[in-house]
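Novice: Quick one: structure below, then a few questions.
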Amino acid sequence: MAETIKVRALPQAHCKDCSLAPLCLPLSLTVEDMDSLDEIVKRGRPLKKGEFLFRQGDPFGSVFAVRSGALKTFSITDAGEEQITGFHLPSELVGLSGMDTETYPVSAQALETTSVCEIPFERLDELSEQLPQLRRQLMRLMSREIRDDQQMMLLLSKKTADERIATFLVNLSARFRARGFSAQQFRLAMSRNEIGNYLGLAVETVSRVFTRFQQNGLISAEGKEVHILDSIELCALAGGQLEG
């Protein structure tokens, strides 16, 4: 059975040397500010696929920035079923939703070998009082979570299966591009079943849509490798949503 992982401090790249810093941190932070932040960040051993970073109901104490790999967050419904609420890529924060109730409302599990930076929230909150630009960054991140939730509600309420999957692929493409990776060719860390769970679609529907997209020349896909062949048409099908 997968276990919740406690992140233990190990020597790793510092914030100011991290290639993800421009995405993860406000650009206005000075080297001295980054050093202050670096002092509170814990960096542990990588999580293996299937290991938990935290579980639904665990006491809230830290937020986590993904350094490499990918995580999924999910909640368990009253019927005991898993409902995926998000996929998280390098530079993205996980765990902020625990601030309200002081427990994590979702579980976070590694989709592949994944490294994270653990940031104890109390110390982050104290530091953000000294660094207004850091507090603004936290507010931006919380705003993005609200926006993502709103977009997801719209996605599930109004879009067809083709539109949902097109939106999902365009969103991933934009997020990979922002991280300096190819926007046209990337590997999906999640399974077709997990994509279906997230988008409210049966796995058979997901497979049929991927096949149809390939037949129509929108993408090519082999296993988890995806190559977007017609980004303009895919974006049009997604309703023109290019933002990650």
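Quick reminder: no glycine exception, Cβ is built from N, Cα and C everywhere.
This is the feature table in Swiss-Prot:
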DNA_BIND  192-211  DNA-binding region
BINDING   21-149  nucleoside 3',5'-cyclic phosphate binding site
DOMAIN    159-232  domain 'HTH crp-type'
Novice: Which residue among the binding-site residues Arg55, Arg123, Arg140 has the fewest other Cβ atoms within 10 Å of its Cβ, if you could check?
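Specialist: Candidates: the binding-site residues Arg55, Arg123, Arg140. Fewest Cβ atoms within 10 Å: Arg140.
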Novice: Could you break down the residues of the DNA-binding region (192-211) into DSSP helix, strand and coil, giving a count for each?
Specialist: 17 helix, 0 strand, 3 coil
Novice: Check the domain 'HTH crp-type' (159-232) for me and report the mean pLDDT.
Specialist: 95
Novice: Sort Arg123 (nucleoside 3',5'-cyclic phosphate binding site) into helix, strand or coil using the DSSP assignment.
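Specialist: Looking at the DSSP assignment, Arg123 (nucleoside 3',5'-cyclic phosphate binding site) belongs to a helix.
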Novice: When a 10 Å sphere is centred on the Cβ of Lys72 (nucleoside 3',5'-cyclic phosphate binding site), how many other Cβ atoms does it contain?
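Specialist: Other Cβ atoms within 10 Å of Lys72 (nucleoside 3',5'-cyclic phosphate binding site): 23.
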Novice: List the same-chain residues at least 6 positions away in sequence whose Cβ sits under 8 Å from the Cβ of Val106 (nucleoside 3',5'-cyclic phosphate binding site), in sequence order, or say none.
Specialist: Gln56, Thr73, Phe74, Ser75, Thr85, Ser97
Novice: Using a 10 Å cut-off, grab the number of neighbouring Cβ atoms around the Cβ of Leu89 (nucleoside 3',5'-cyclic phosphate binding site), all chains included.
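Specialist: A 10 Å sphere around the Cβ of Leu89 (nucleoside 3',5'-cyclic phosphate binding site) contains 21 other Cβ atoms.
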